[in-house]
Each structure stands twice: as structure tokens, then as C-alpha cells.
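Notes follow once the structure below has been shown.
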């Protein structure tokens with residue numbers, strides 16, 4: 001009675017016939033090959049950003065290092081670095097601070113969060129400072145304050161204009177009150193430079209916040225800013241909880257500050273060198 005015979009409820013497979021090949025691993029894509037734009041959220045092929053690291057879709061300015069900015073700004077081989085080798089005394093003996101400094105120096109190739117020296121911008125000699133957010137968020141400690149102060153003192157003595165690219169997360173907490181003192185210290189040097197009739201120009205880059213904003217970043221004779229740069233003192237949430245109001249979406253953006261008279265002009269990164277040269281030519285080093 002084959003009609004009612006039992007059948008196996010499973011299928012027999014010869015194990016020798018089964019494929020024993022391991023699934024192929026997916027090809028690895030290098031992390032540095034693509035970047036996601038914080039502005040338009042598009043994924044961008046790294047080469048499409050160009051040398052100035054600007055999003056080709058929305059114009060967002062990616063953060064760049066001090067040396068990258070130096071190459072975009074000054075005449076070739078004109079930069080002479082000054083005030084190197086200054087080290088913090090670590091006044092609070094803050095845990096792991098010295099180790100963090102050592103690792104950051106190795107990673108960035110900088111001795112501190114600001115690069116200082118003299119350079120020419122289309123033939124105009126200037127004292128130049130560039131803060132780098134890759135170095136502990138360009139927080140302002142005693143060495144940063146000392147280097148910028150010395151830069152202004154040198155510029156005053158040699159009758160040079162000062163161009164300073166600012167970027168900072170604020171005062172460096174690992175140095176306590178000593179970091180806050182740098183606000184007044186640098187501002188005093190700025191005032192002496194100004195009293196000598198010399199020209200000081202600041203360029204606010206993303207982010208410029210905290211004590212740097214509350215002092216020398218906003219003391220320039222002319223204040224420029226990069227597109228969509230975050231500029232402010234306290235954080236947005238702190239302000240909203242204090243005033244108990246919802247702030248505008250573009251609050252603390254460079255465009256908002258220019259609209260309210262705190263910034264003189266917003267300059268595209270690709271136009272910055274020409275703009276600086278023009279302003280230096282207009283002023284001739286004099287304010």
C-alpha cells in the first residue's frame with residue numbers, strides 16, 4: 001500500500017556536498033575616505049572638500065588645524081614661529097593633566113593650543129596667531145595667554161599689525177583661576193598695542209566661546225568671522241534655563257552676531273587671504 005506509506009519529514013543532505021566556504025568579508029573603507037557634513041548631513045568624498053575643507057553642497061566650514069590654516073593664509077615660507085618651549089607649571093597638580101598634554105602634543109605637532117609668530121600675507125608683514133581646537137579644544141591656559149601676550153608685545157615694539165584666528169572652548173579648567181587671569185592679561189597687551197596706534201584684526205572660527213570670546217576675540221579693530229561659526233560665551237542651554245526663554249535657532253551663529261552688530265563681516269574661507277591682505281593694505285599696520 002504505497003499510497004499510505006510513511007515518508008520522511010526531513011531531507012537528507014550529504015555533508016560532503018554542503019558548501020564549506022566562509023562568507024567573504026566586506027571590503028573595508030578607510031575612515032578618512034568620507035566625511036559627513038554637520039551642516040547638510042550629506043556624506044562627502046574627502047577629495048571633494050578641497051584644500052580649504054569646505055562642503056561643496058552647503059558651504060559648511062569643517063574645522064581645520066593651525067598648520068592647515070597657516071598654509072591657506074600666509075605667503076609661502078614666510079612664517080617664522082615664535083615663543084615656543086613655554087610649558088605650564090600645572091598649578092593645581094590636576095590628575096593626568098601632564099599626560100594629556102604630552103599625548104596632545106604628539107598628536108597635533110603643536111606645543112600648545114595657539115601657534116604664534118610673524119608672517120607675510122600677500123607681502124604685508126604681520127604678527128600672527130592661530131588657535132587650534134584640536135589641542136584640548138583650544139582651551140585658554142597660562143601658556144596660551146602668555147604666548148598671545150608676548151605676540152602683542154612684540155608687535156607693539158616692532159610696530160606690526162596683529163591678525164588672530166580665534167577658536168576655543170573656554171578657560172582651561174585644569175589650571176583653575178590662573179587660566180581666568182589670562183583674559184585680563186591678554187586684554188592689557190591688546191590695549192597697549194592699540195594705544196600705539198596699531199591695527200588688530202580678529203577672525204572668529206568655529207567654535208569661539210567662553211573666556212576667549214569675553215576678552216581678546218571681540219577686541220579687534222575689525223572682527224571677521226567664518227561662515228556659520230559658533231560664537232558665544234555661555235552655552236545655549238545654560239542661557240535658556242537662566243532667561244527661561246527659547247532662543248532663536250541661529251543664536252550664537254556668526255550670521256546672527258553680524259546682524260546684531262557684533263561682527264563686521266563674514267568671509268568665505270577661500271576669500272580670507274585676499275580679504276586680510278586688503279584690510280592690511282588699507283590700514284598700513286595702523287588702526
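Backbone N, Cα and C define each Cβ position, glycine as well.
The domain 'CoA carboxyltransferase N-terminal' annotation in Swiss-Prot covers 33-287, and the record cites sequence analysis as its basis.
The zinc finger annotation in Swiss-Prot covers 37-58 and rests on sequence analysis. Taking H, G and I as helix, E and B as strand and the rest as coil, DSSP gives the zinc finger (37-58) the counts 4 helix, 4 strand, 14 coil.
Taken from Swiss-Prot, the feature Zn(2+) binding site applies to 37, 40, 55, 58, supported by sequence analysis. Using a 10 Å Cβ-Cβ cutoff, residue 40 (Zn(2+) binding site) registers 13 neighbours.
Same-chain residues with CB within 8 A of the center of the 37, 40, 55, 58 CB atoms, the Zn(2+) site residues themselves not counted, are 38, 39, 41, 42, 44, 56, 57, 59, 60.
Mean pLDDT for the zinc finger (37-58) in this predicted model: 84.
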